[in-house]
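Enquirer: Handing you a structure now.
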Amino acid sequence: MKIEHIIPLTCLGFTTISSLQISMFGTALPLIVAELNIDYSLIGILMALWTFATFIAPLTIGRYVDKLNPLMVIVIVMLVSLFSSLLTAFSRNLIELNTARLLLSLSLPFVWPTCTKIVTVYTSSRSYGYSTAVFNFGSMAGMALSYIVMALVGGSSWRVAVIVAGLPVLIYIPIVTAIWNAVIRGGIEIKGSIFRQDQQVDVRYPNIIQKDIVKIAIQLFLAHFCAVYTWSLLINWLSTFLINELKFSYNYIAIYMFLIATISGILEVSAGTYSDRIGGLRGRLMILYVGLVSSSILLLSTVLTTSSSLIIMSLASLSILMWRISTPSFWSIISDAIPLNYIGKISRIYVSAVPLAGIT
């Protein structure tokens, strides 16, 4: 298998497992609150704390994380998420539960920036869209898996489901370490023509200045916030709709999420590959506009329609699928537009838009 397939698939494992951890917490939260007898108003306050932690982590400790080897970042994030899962599963009170969730909030903001940096350094610019689409699919795959795990084993206990969701970490760490040492670490030669590793300088942009970087960072941050805010509205509203309006059980939601994840994965990879064929920022912007505009129209249609619940769910589902078409551009734009020596700094600002949009 070529390195340009190995790298995104390796990152896909990272994003999928990370997304599974955070999604499992949210999926099991109603059961956790009921068993531990926690007031929902208090949970609301804690959610604000978790959001703040997710927002502040990349802006504070991000500069130190960026100095680490990407493999080291992956291993640390995976171990923290595993510890968080175990602590959640064995939580007996609110303090232990809050500590477990805070650990996730502090570690997960580094997942997508790390994958983006790996793709930028170790793959060809002609495949940024494809590579980004593959690893970005992990967010949807992890979410779907959380419902599948809950449907399969959550009936006996949510604690068992949380432990099961953490087990893939133990399998992934030795695999990613072996792949990194055997394959990826030598892939720096792919970028030898544009990246002088000893100087940490990207020679694609010899004349770019700090002022330009700040301007680009602000623009990308605002754009990312607006795009992700739509997703936050979509996924939060739809999950509530499926449970409260349609009375779906975890089993039915698991089937629904599996179908949505499968279709969205095909669409994402196809869109990312298509953007590579067009090339450069033009290709990224094309699928970005198509996905976001279509998704927004469909989302508005769900509000304006007075039809049956089934039609509303269908429109919302189509809105999700169209939104996913745009996602390969979210991080491949960073790879295309930002000099390599600034990617860490810009990514830390860029990813902080996610918790502000309501996703933690």
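Note: Cβ is positioned from N, Cα and C throughout, glycine not excepted.
According to TrEMBL, the protein has these features:
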type     : residues : note
DOMAIN   : 7-360    : domain 'Major facilitator superfamily (MFS) profile'
TRANSMEM : 12-34    : transmembrane segment
TRANSMEM : 40-59    : transmembrane segment
TRANSMEM : 71-90    : transmembrane segment
TRANSMEM : 102-122  : transmembrane segment
TRANSMEM : 134-154  : transmembrane segment
TRANSMEM : 160-183  : transmembrane segment
TRANSMEM : 216-238  : transmembrane segment
TRANSMEM : 250-274  : transmembrane segment
TRANSMEM : 286-304  : transmembrane segment
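What does the local environment look like for each feature on the list?
Expert: Long-range contacts of the transmembrane segment (12-34) within the same chain, counting only residues at least 6 positions beyond its ends with a Cβ under 8 Å from a Cβ of the stretch, are 40, 43, 74, 77-78, 81, 84-85, 88, 91, 97, 101, 104, 108, 111-112, 114-115, 134-143, 145-147, 149-150, 154, 158, 161-162, 165-166, 168-169, 172, 175-176, 250, 360.
Residues 14, 17-18, 21, 24-25, 32, 65, 96-97, 99-101, 103-104, 106-108, 110-111, 114, 159-160, 162-163, 165-166, 169-170, 172-173, 176-177, 180 of the same chain lie 6 or more positions beyond the ends of the transmembrane segment (71-90) yet place their CB under 8 Å from a CB of it.
With a threshold of 8 Å between CB atoms, the same-chain residues lying at least 6 positions outside the transmembrane segment (102-122) that come near it are 3, 7-8, 11, 14-15, 18, 21-22, 25, 49-51, 53-54, 57-58, 61-62, 65, 70, 73-74, 76-77, 80-81, 83-84, 87, 128, 131-132, 135-136, 184, 187-188, 190-191, 195, 331, 334-335, 340, 343-344, 347-348, 350-352, 354-355, 360.
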Enquirer: If we skip the immediate neighbours and take only residues 6+ beyond the ends of the transmembrane segment (286-304), which ones have a Cβ under 8 Å from one of its Cβ atoms?
Expert: 129, 227, 230, 233-234, 271-272, 274-275, 278, 312, 315-316, 318-320, 322-330, 333
